[in-house]
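Q: First, the structure itself, so that you have it in front of you.
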Amino acid sequence: MAGGGENPKTKQQPKEKVCLICIDGWGVSSVEDPKGDAIRNANTPVMDELEKADPYVDIAAHGRAVGLPDGLMGNSEVGHLNIGAGRVVYQDIVRIDLTMENNEFGKVENIKGAFERAKAGNGRLHMLGLLSDGGVHSHIDHLLSLLKAAKEAGVPNVYIHAFGDGRDTSPKSILKYLTKLLDTIKELDYGHLATVTGRYYAMDRDKRWERVQLAFDAILRGEGEETDDVLKTVEARYAEDQTDEFLKPIIVNKEGIVQKDDTLFFFNFRSDRMREINQALGIAPCPCKGDIPEGIEIYTMTQYKADFPFKVAFPAQQMDNVLAEWLAKNDVPQMHIAETEKYAHVTFFFNGGSETQFDKEERRLVASPKVATYDLQPEMSAQPVADAVAEAIATNEYPFVMCNFAPPDMVGHTGVYEAAIKGVEATDAAIGTILEACKKHGYILFVTADHGNAEKMLSDDYTTPHTAHTCSPVPFVMGNPLGHKYVDGAKGALCDVAPTILRVMGLDVPKEMTGHSLLQEN
């Protein structure tokens, strides 16, 4: 979240005034055939002229470039976070993956801390979480890397409590994951599988404590079906139509039940389905029946709840000195404008995932049309937003004005190609209104987008509508550049937008912004 960091050494007055337009869902297709491309096939004289006559570059808006897993399409929230933050805002799974890829789990303070506590105490560490490669709540590779790191750190005994998936994976797939885990344990000659329980019980989130009780009793008391061949036991459960999600507790190693002074590490990275089991094991009064061993300590992969007292391996990223905050620290007035559908994106997300409205930051909300689906009114409120931006520019009170245009994304999601064309054309006309205001009042206009969408309205075989976001790059164009240029051969990503804007304005870039200015410095 935003709201911290150092102050500027001296407050600076902007040398240029800037307007930033963030179009939602305007990607640049690399496909030669323009069929189904509502951006190339629309009449867009304003953006066409900007691309031809002014500084222009395509920038990355998906995957690792915006802090998402490799190859994953961008989205509006992540796009606005990266644009406003001036840095790559890594999602939890990517931060964890990067650490794992660099074999640095053992260097993370609260992973190392869990290892050291176990070593200094009774030598017993438990790893608990979803045994899956679904990548939604957890990933088995994280567990296996943690196991290797624990061995390297010299933790005497590690016990694994595996939760069956079957929702983000196929319903009968845990044998594959158990085999992979057991093979790793054998290869390392280290670690023990203690219990197996379905996520229906271990990962409830609906206060169904009677479900959680089964997992609680398995982990603390070893209550469940005992086995010395977990794979055979699971196969027998399958024969009874008991799938991974609903596996009742299987006790593989009774030595692995949680005892006095043990250390517990929960390796799920998504929080919502870890809260109840953590509350049951670590927060008094316990909502489950039965005593909890004294002196246990819990560590978690990410922060599962703000008021949980547990030590966190990957706490939420601090978003200090995002663009809006840095402008406020320099006493620069700013205006953020959007229609209802995207208002949170120009406020909460653009401001670093913070509800804070910074000093001298003003906001304006334009109502989105009240229609069942936006293909019925594809222009949405693009022109009223443009008029509001032009009005703010005309006051000359705000050296920084930013807005969002929603139609290419919101209409793109309907899958109605003809409507998407109209939405794109309405957006282009609205950009024209703002460009004229910028020219009249001496503003430099930057136009970019948060992700792609409307450039791909048909599936790869052109037979069915495509309604999702894309992995396309997006434009980053400087209109009315007043002599400014991008560096030759500029390449970048959404994280480079804010540093570029600050340099155009003649303001220093805070050290927290790790994106790079694409501006050619004189």
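If you go along the chain as it appears here, the first residue is 1 and each next one adds 1.
Using the three backbone atoms N, Cα and C, a Cβ is placed for every residue, glycine included.
So TrEMBL lists these for the protein:
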type: DOMAIN; residues: 17-508; note: domain 'Metalloenzyme'
type: BINDING; residues: ASP24, SER76, ASP450, HIS451; note: Mn(2+) 2 binding site
type: ACT_SITE; residues: SER76; note: active site, phosphoserine intermediate
type: DOMAIN; residues: 96-305; note: domain 'BPG-independent PGAM N-terminal'
type: BINDING; residues: HIS137, ARG167, ASP168, ARG199, ARG205, ARG270, SER271, ASP272, ARG273, LYS342; note: substrate binding site
type: BINDING; residues: ASP409, HIS413, HIS469; note: Mn(2+) 1 binding site
Q: Give me the count of other Cβ atoms within 10 A of the Cβ belonging to SER76 (Mn(2+) 2 binding site).
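A: Around SER76 (Mn(2+) 2 binding site), other Cβ atoms within 10 Å: 24.
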Q: Among the binding-site residues ASP24, ASP168, which residue has the fewest other Cβ atoms within 10 Å of its own Cβ?
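A: Among the binding-site residues ASP24, ASP168, the sparsest Cβ neighbourhood within 10 Å belongs to ASP168.
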Q: Among the binding-site residues ASP168, SER271, ARG273, ASP409, whose Cα is within 10 A of the Cα of SER76 (Mn(2+) 2 binding site)?
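A: So far as Cα distances go, the binding-site residues lying within 10 Å of SER76 (Mn(2+) 2 binding site) are ASP409.
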Q: So which binding-site residues out of HIS137, ASP168, ARG205, SER271, ARG273, ASP409 end up within 10 angstroms of ASP24 (Mn(2+) 2 binding site), measuring C-alpha to C-alpha?
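A: Correct set: ASP409.
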Q: Using ASP450 (Mn(2+) 2 binding site) as the reference point, find which of the binding-site residues HIS137, ASP168, SER271, ARG273, HIS469 has the shortest Cα-to-Cα distance to it.
A: HIS469
Q: Under a three-state reading of DSSP, tell me whether SER76 (Mn(2+) 2 binding site) is helix, strand or coil.
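A: Where SER76 (Mn(2+) 2 binding site) sits, the three-state DSSP reduction gives helix.
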Q: What does DSSP say about ASP409 (Mn(2+) 1 binding site): helix, strand or coil?
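A: Going by the DSSP assignment, ASP409 (Mn(2+) 1 binding site) falls within a helical segment, counted as helix.
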Q: Report, in whole Å, the straight Cα-to-Cα distance of HIS451 (Mn(2+) 2 binding site) from ARG205 (substrate binding site).
A: 32
Q: For the recorded Mn(2+) 2 site, whose residues are ASP24, SER76, ASP450, HIS451, find every other residue on that chain with a C-beta no more than 8 angstroms from the centre of their C-beta atoms, and list them by sequence position.
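A: Once ASP24, SER76, ASP450, HIS451 are set aside, the remaining close residues are CYS22, ILE23, GLY25, ALA61, GLY74, ASN75, GLY79, HIS80, HIS345, ASP409, ALA449, ASN453, HIS469.
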Q: Give me the Cα-Cα distance between ASP168 (substrate binding site) and ASP409 (Mn(2+) 1 binding site), rounded to a whole Å.
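A: That separation, Cα to Cα, works out to 27 Å.
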Q: Rank aside, I only need the closest one: which of the binding-site residues ASP409, HIS413, HIS451 has its C-alpha nearest to that of SER271 (substrate binding site)?
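A: Smallest Cα separation from SER271 (substrate binding site) among ASP409, HIS413, HIS451: HIS451.
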Q: Within 10 Å of HIS469 (Mn(2+) 1 binding site) (Cα to Cα), which of the binding-site residues HIS137, ARG273, HIS451 do you find?
A: HIS451
Q: In whole Å, how far does the CA atom of HIS451 (Mn(2+) 2 binding site) lie from that of HIS413 (Mn(2+) 1 binding site)?
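A: About 13 Å separate the Cα atoms of these two residues.
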